[in-house]
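Enquirer: My questions will all concern the structure given below.
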Amino acid sequence: MDVRQSIHSEHAKTLDTQALRREFLIENIFVADEYTMVYSHIDRIIVGGIMPVSHPVEIGGEVGKQLGVSRLLDRRELGVINIGGAGAIIVDGQRHDIGHRDALYISKGAKELVFVSNEASRPAKFYYNCAPAHTAYPTKKVSPADVAPVTLGDNLTSNRRTINKYFVPDVLETCQLSMGLTELAPGNLWNTMPCHTHERRMEVYLYFNMEEDSCVFHMMGQPQETRHIVMRNEQAVISPSWSIHSGVGTKAYTFIWGMVGENQVFDDMDHVAVQDLR
């Protein structure tokens with residue numbers, strides 16, 4: 001388990017490129033036949049990926065020992081979105097078939113967590129966010145057909161994108177975790193611009209659907225002290241509450257956003273005018 005400490009905004013603005021990447025970038029999300037796990041002190045979110053290839057991958061009691069409990073979800077809830085081939089997640093003996101871009105919310109208290117791919121040649125890629133939970137809401141599958149896509153932006157400003165809200169109060173109940181998937185239209189490059197911060201939530205982005213020769217310049221920092229991190233395909237970045245989180249790519253891309261905090265109202269954000277950015 002890779003543990004990332006919280007960092008003050010005054011400290012963050014003094015960091016060079018390598019230090020920024022070390023603090024906020026998660027480079028290796030998917031490793032064959034393993035799970036990856038990054039634990040952030042910021043709202044205690046856990047971020048990672050699971051890619052079963054030659055055999056199923058189980059998250060067992062070894063993780064619980066690192067968290068001071070018996071199992072990962074003794075005091076946590078889990079959200080998973082599959083960005084790879086078809087697969088399944090077995091939760092306490094019940095199999096949930098999870099296809100490409102299907103998602104599964106897994107309840108606090110679940111013990112057995114096994115992840116499998118249907119085909120080794122096209123393995124599932126289960127990306128997950130895990131957050132502290134105070135009560136148990138039912139495990140539930142969410143497919144793209146269950147969400148109401150919202151298209152925002154304009155081709156003229158290169159920010160036309162479709163937002164798919166998977167884990168939000170209108171779709172299912174969670175303790176604090178929200179997740180969704182935003183896809184840029186072909187030829188569009190900007191996400192979340194004009195940008196914002198949200199004092200009551202932190203956020204993590206996973207960028208994917210990127211070609212090998214492309215990248216995203218992820219914008220972060222306080223609005224008057226902006227910095228950037230160069231992102232490649234299937235990499236994630238941690239965004240503290242005080243930081244903007246926006247990006248511009250060399251080509252169109254898709255990203256998953258996950259939020260943890262005290263407020264699940266999607267529009268609870270502090271907008272930043274473009275002319276106020278520095």
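Each Cβ is built from the backbone N, Cα and C atoms, and glycine gets one as well.
According to Swiss-Prot:
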type	residues	note
BINDING	H196, H198, E203, H245	Zn(2+) binding site
Enquirer: Just checking, which of H196, H198 (binding-site residues) has the fewest C-beta atoms within 10 Å of its C-beta?
Expert: H196
Enquirer: So for H245 (Zn(2+) binding site), how many other CB atoms are inside 10 Å of its CB?
Expert: 24
Enquirer: Is it possible to get the count of other C-beta atoms within 10 angstroms of the C-beta of E203 (Zn(2+) binding site)?
Expert: 24
